[in-house]
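Undergrad: Structure below; questions to follow.
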Amino acid sequence: MISISFRRSGGLAENLGSQGQFPLTQNVTVVEGGTANLTCRVDQNDNTSLQWSNPAQQTLYFDDKKALRDNRIELVRASWHELSISVSDVSLSDEGQYTCSLFTMPVKTSKAFLTVLGVPEKPQITGFTSPVMEGERMQLTCKTSGSKPAADIRWFKNDKEVKDVKYLKEEDANRKTFTVSSTMDFLADRNDDGAVISCRVDHESLNSTPQIAMQVLEIHYTPLVKIISSNSWPEEGQSIILTCESKGKPVPEPVLWTKDGGELPDPERMVVNGRVLSISFLNKTDNGTYRCEAKNPIGRNSTEYVLIVHDVFNTLLPTTVIPSLTTATVTTTVALTASTTTSATAISTRDPNALAGQTGPDHALIGGIVAVVVFVTLCSIILLGRYLARHKGTYLTNEAKGAEDAPDADTAIINAEGSQVNAEEKKEYFI
């Protein structure tokens, strides 16, 4: 990389036309190991010689004649108006102020500063171990040397920059370049497993292509266990599947299922297939706490699931209560009078919504019906007794007819029978 800026002796900014003969140079920035081009121009020259000299005031070229034996220095162009040379394989020692001289009376000069950039070495990450146990403290250091000026170091975790780091800059023994280091300190976490830690070195000599060192974290941790149920409201007779999800590093061994701290009580209905527990034909005896345990070389972990088997839920519509009440009422009122039936009919035509909310019999209604039945029964008994009494008196009176004037019992009977015969005869006579 070469950077150029124009310079004029004394820093004057007057128009060149008013200057007459005057040399113009340019500042140059080059990466170590690159090639620097030094150019000196004169717009108005009356065949006056030009010369380039190094920071040690050694003549490099006088017009087109090479003065210093250095194979790295070559002539690019020489004329009355320009003297250009190149310095290849530039080193840090080449940095300094170069002078272009125009041999007029007096001699006029122009300075060009050559800046050499020290390229930072490829960074190295130290302090990294693999694997790392969860909870351990990690201290990673990224270091690079040979940069001029000092390089910048940045840390990234999965492309996200980490800001909380320490930065240290030290001057190298040559007193020209720098060694830069940066330290990142953090606790190992399971979420960092597989994360890419990168140390990035930025420097102007790298042409916007930073140097990067990377490490992939490997974190070992105990299993994380979770139970997933296939049925959120298990009922009697249904089935349920419990899945035990376990995540750990190293990968956990096959899980262990237990119920209420012991083995599964019914292996025929409770089937374990890997991490899955299937229970068929649920009943109340399946209620309890089911535990899933997973382990790996780092440790073990478990989680629990409380199973509650619910009764089968039947939805009863409100109208299902009405036919039962209506039927009971009609059956009771069959033995009642017409007025009682009318009352029962009125009862059966109540608002169905009001009857739907009842959960037991209407004791007041039943009591009224029983009272009416008892009353009617008593009335019937009384009427029947009076009827029987009246018919019995009439029978005795008829038997006594014709025996009132009899002198003895035998004559009375004969007279009575005669009366009946006469009566029958009278009936025949009248017919």
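Residue numbers in this text run from 1 along the chain shown.
Every residue, even glycine, has its Cβ placed from backbone N, Cα and C.
TrEMBL does not curate its annotations; it predicts them automatically.
Okay, these came from TrEMBL:
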type	residues	note
DOMAIN	23-110	domain 'Ig-like'
DOMAIN	123-215	domain 'Ig-like'
DOMAIN	223-308	domain 'Ig-like'
TRANSMEM	364-384	transmembrane segment
Undergrad: Taking DSSP states H, G and I as helix and E and B as strand, how many residues of the domain 'Ig-like' (123-215) are helix, strand and coil?
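TA: Per DSSP, the residues of the domain 'Ig-like' (123-215) fall into 6 helix, 55 strand, 32 coil.
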Undergrad: Determine the mean pLDDT over the domain 'Ig-like' (223-308), rounding to the nearest whole number.
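TA: Across the residues of the domain 'Ig-like' (223-308) the model's pLDDT averages 95 on the 0 to 100 scale.
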Undergrad: So how many of the residues in the domain 'Ig-like' (223-308) end up helix, strand or coil by DSSP?
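TA: The composition, in the requested order, is 3 helix, 49 strand, 34 coil.
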Undergrad: Per DSSP, what is the helix/strand/coil residue tally across the domain 'Ig-like' (23-110)?
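TA: Final tally across the stretch: 3 helix, 48 strand, 37 coil.
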